[in-house]
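The following features are taken from TrEMBL:
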ACT_SITE  Glu24  active site, proton donor
ACT_SITE  Asp157  active site
ACT_SITE  Glu266  active site, proton donor
ACT_SITE  Glu291  active site
BINDING   Thr377  Ca(2+) binding site
DISULFID  Cys220-Cys252  disulfide bond
Amino acid sequence: KKSTGELEEKKVWSESNAEISVFEVNIRFVGGLLSAYYLSGEEIFRKKAVELGEKLLPAFNTPTGIPWALLNIKSGIGRNWPWASGGSSILAEFGTLHLEFIHLSHLSGNPVFAEKVMNIRKVLNRLDKPEGLYPNYLNPSSGQWGQHHVSIGGLGDSFYEYLLKAWLMSGKTDEEGRKMYYDAVQAIETHLIRKSSGGLTYIAEWKGGLLEHKMGHLTCFAGGMFALGADGAPNDKTGHHIELGAEIARTCHESYDRTSMKLGPEAFRFDGGVEAIATRQNEKYYILRPEVIETYMYMWRLTHDPKYRQWGWEAVEALEKYCRVDGGYSGIRDVYNNRQSHDDVQQSFFLSETLKYLYLLFSEDDLLPFEHWVFNTEAHPLPILDKEDGNKEETQK
């Protein structure tokens, strides 16, 4: 801060040739700046959020308007991850821009941001969905799906979250978002959600019609999502969606409880007599991820069942016991091995999500209440737009 109390403006964006991830910059930096503005009222944050949003616009210069994953901010040249199915863009990346871009139009008076993300929906709605499911890969040049892989975990996850939250953030006026969300949940229930012989409900991965009975830690966010969307569910399905959320929360708690450190693995399986346990060495790590705690927080707020605070406290004790190090908190290489081996990394989402969701789990409901705020996928709070605001974002300066 300057001595005047004004926040000092410095040149923030480097003009180096570095490539950035459009998705990561959006959820962490644009989302963070938007939240900082809405929470503080400091104009500099609004200005920088819009400036950064403008820097991301060249990513949308593709034949379909589906953005590239990677962008050289200096040259404006975009490309996709070389490993992604035949040059495809990734569902969870281009599908997780919506909330922030709607707010950028709202705060700048420039409709271009909202137009970019509404066009993504248009492309998706034109396409045939295999069994009503959204594959993780979409080619931005041809506008056709890549491999028919479907996941509610990595590569898919936050696309579904943002359909629901777009509707909630619009003051429940975004009818298209609402329909897309509940239709997707219906297809997920039919084709991906299964119950193990031991009675644990889990969400499998779909590969061209074949199920892989594996659930990633990232997928555990879906418990909270189902609960958050329960109130608006069609055909008296509110109770069913809450129950679905509770079942996913229980399964994810089991994945924590069945380790020696009481912290969950990166992925766990339901096959070969194994339930909610990681069977591969490269899936046994815990990198301070928030999704399970996120689901506990939503379940607590929406049901007030005390077990969710109990489960959250188990995670707090495990984090303190096994992850706390001199310089902060570290991820763990193997949650099944009591001889702890730290990865020596404190991910930024540990601060923005894991600790924030824990704090909210043990706070009163009127701290960032759901009727006024939605969280972006990095847990940055964004205000719900008044019904009028949602419709007049183009004219608002």
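Note: Cβ is positioned from N, Cα and C throughout, glycine not excepted.
Caution: TrEMBL annotation is automatic and unverified by curators.
Sequence-distant contacts (6 or more apart, same chain, Cβ under 8 Å) of Cys252 (disulfide bond) comprise His217, Cys220, Gly223, Gly264, Glu291, Val292, Thr295. Cα to Cα, Thr377 (Ca(2+) binding site) and Asp157 (active site) are separated by 10 Å. Counting neighbouring Cβ atoms within 10 Å of each of the active-site residues (Glu24, Glu266), the lowest count belongs to Glu24. A distance of 14 Å separates the Cα atom of Glu24 (active site, proton donor) from that of Asp157 (active site).
Within 10 Å of the C-beta of Cys220 (disulfide bond) we count 31 further C-beta atoms, all protein chains included. Across the fold, the C-alpha of Asp157 (active site) and the C-alpha of Glu266 (active site, proton donor) stand 15 Å from each other.
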